[in-house]
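Enquirer: Okay, handing you the structure first.
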């Protein structure tokens with residue numbers, strides 16, 4: 001379970017403050033206007049930002065100040081951050097061993113996740129030889145191979161065309177269900193959120209303004225629907 005209690009980040013001396021509980025294995029969408037604090041919330045969970053105050057626990061362990069490298073979290077960005085001089089296999093392997101010295105069990109795990117992502121025939125290629133969708137599959141494989149209990153997505157598929165974006169969302173959702181991972185995804189699209197998350201959180205002005213069923217948001221019946229430009 002992920003729990004944030006009054007986690008506070010000072011942005012130009014103005015506090016953003018978040019309290020949120022997410023159960024293990026739950027898939028939650030984080031929505032809201034541009035500049036509302038959605039990515040800030042994800043970066044606080046990942047450890048890329050250190051809160052001024054508050055408490056963040058994962059499975060009842062305090063991770064408020066745990067460095068990102070030691071936090072049980074993986075994060076995927078729109079910019080996939082693949083190393084251009086490393087092959088697909090090496091980029092995925094970094095998720096298992098930064099020195100790329102993989103034992104037999106790790107090699108097996110790497111090839112299994114590559115097969116799951118549908119990129120097992122691309123392992124010897126460099127990122128520059130791949131399409132945008134293929135690069136995001138590699139980046140997702142690197143996240144999943146780490147087998148951390150929480151996966152954070154910061155609009156990683158927004159640059160993809162609608163059909164490919166839906167394909168990637170389905171792949172992420174099924175992979176998280178298979179590995180029993182908790183998923184939090186920032187998105188500007190309620191439609192995308194509805195594809196994988198039954199529950200949504202709406203962030204506005206550095207606060208969680210609303211949380212509830214994604215379908216309720218999409219129907220325009222929720223109090224926060226207007227924040228997303230949805231009319232009932």
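Positions of Cβ are set from backbone N, Cα and C atoms, glycine also.
Model, not experiment: these values are computed from the prediction.
As listed in Swiss-Prot for this protein:
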type	residues	note
BINDING	32, 33, 34, 35, 36, 37, 38, 39	ATP binding site
DOMAIN	2-230	domain 'ABC transporter'
Enquirer: Give the three-state DSSP assignment (helix, strand or coil) for residue 39 (ATP binding site).
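Expert: In the DSSP reduction, residue 39 (ATP binding site) maps to helix.
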Enquirer: Under 8 Å Cβ to Cβ from residue 35 (ATP binding site), same chain, six or more residues apart: give me those in sequence order, or none if nothing qualifies.
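Expert: When sequence neighbours closer than 6 are ignored, residue 35 (ATP binding site) has nothing within Cβ distance under 8 Å.
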Enquirer: Including all protein chains displayed, how many Cβ atoms other than that of residue 38 (ATP binding site) lie within 10 Å of its Cβ?
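Expert: Residue 38 (ATP binding site): 25 neighbouring Cβ atoms within 10 Å.
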Enquirer: Neighbourhood of the ATP site (32, 33, 34, 35, 36, 37, 38, 39): other residues with Cβ within 8 Å of the Cβ centroid, in order?
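Expert: Those within range, site residues removed, are 40, 203, 204.
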Enquirer: Please work out which residue of 34, 39 has the most C-beta neighbours within 10 angstroms of its C-beta, and give that one of the binding-site residues.
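Expert: Of the binding-site residues 34, 39, the highest Cβ count within 10 Å belongs to 39.
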Enquirer: Looking only at 32, 33, 37, the binding-site residues on record, which one has the least crowded Cβ, with the fewest other Cβ atoms within 10 Å?
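Expert: Output over binding-site residues 32, 33, 37: least Cβ neighbours within 10 Å is 33.
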Enquirer: Return the count of C-beta atoms lying within 10 angstroms of the C-beta of residue 36 (ATP binding site), excluding that atom itself.
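Expert: 21, counting other Cβ atoms within 10 Å of residue 36 (ATP binding site).
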